[in-house]
Amino acid sequence: MAMTDVLSAEDIKKAVGAFSAAESFNYKKFFEMVGLKKKSAEDVKKVFHILDKDRSGFIEEEELKFVLKGFTPEGRDLSDKETKALLAAGDKDGDGKIGAEEFATLVAES
């Protein structure tokens, strides 16, 4: 499944482009701009599974670094600071990774 099966290619391009500068990533604005905030719980889960590259059932710190590339190959890598901030926001149980429920909560809070 491709990200464009769930989200509009135009919204993805706009959202990823808005955060192309280093240290500019804001997950709350990104999830809103990309249209994820308005999607059903089912669609949010689909996006989670696309971002979970190793299919472990979690998005680990290494996968978070490439979260924008998960939406489009043109996306940049997040900096270590941005990656750690995103992980801290999403990792509610402190296990160092984001599960599907935590991801859904992260999107809902944005």
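Using the three backbone atoms N, Cα and C, a Cβ is placed for every residue, glycine included.
What TrEMBL says about this protein:
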| type | residues | note |
| --- | --- | --- |
| DOMAIN | 39-74 | domain 'EF-hand' |
| BINDING | Asp52, Asp54, Ser56, Phe58, Glu63 | Ca(2+) 1 binding site |
| DOMAIN | 78-110 | domain 'EF-hand' |
| BINDING | Asp91, Asp93, Asp95, Lys97, Glu102 | Ca(2+) 2 binding site |
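Annotated pair Glu63 (Ca(2+) 1 binding site) and Lys97 (Ca(2+) 2 binding site), C-alpha to C-alpha distance, rounded: 10 Å. The Ca(2+) 2 site, placed at the center of the C-beta atoms of Asp91, Asp93, Asp95, Lys97, Glu102, has further neighbours from the same chain whose C-beta lies within 8 angstroms: Phe58, Gly90, Lys92, Gly94, Gly96, Ile98, Gly99. For the domain 'EF-hand' (39-74), the list of distant contacts is 1-3, 5-7, 12-13, 15-16, 19, 25, 80, 83-84, 86-87, 90, 96-100, 103-104, 107: same-chain residues at least six beyond its ends, Cβ to Cβ under 8 Å.
For the domain 'EF-hand' (78-110), residue counts in helix, strand and coil come to 21 helix, 3 strand, 9 coil, using DSSP.
Within 8 A of the CB centroid of the Ca(2+) 1 site residues Asp52, Asp54, Ser56, Phe58, Glu63, the other residues of that chain are Leu51, Lys53, Arg55, Gly57, Ile59, Glu60, Lys97.
Of the candidate binding-site residues, Asp95, Lys97, Glu102, the one lying closest to Asp52 (Ca(2+) 1 binding site) when CA atoms are compared is Lys97. If you compare Cα positions, Asp93 (Ca(2+) 2 binding site) sits closest to Phe58 out of the binding-site residues Asp54, Ser56, Phe58. Neighbour counts were taken as the number of other C-beta atoms within 10 angstroms of each residue's C-beta; across the binding-site residues Asp52, Asp54, the minimum falls on Asp54.
Asp91 (Ca(2+) 2 binding site) sits 10 Å from Phe58 (Ca(2+) 1 binding site), taking the Cα positions as reference.
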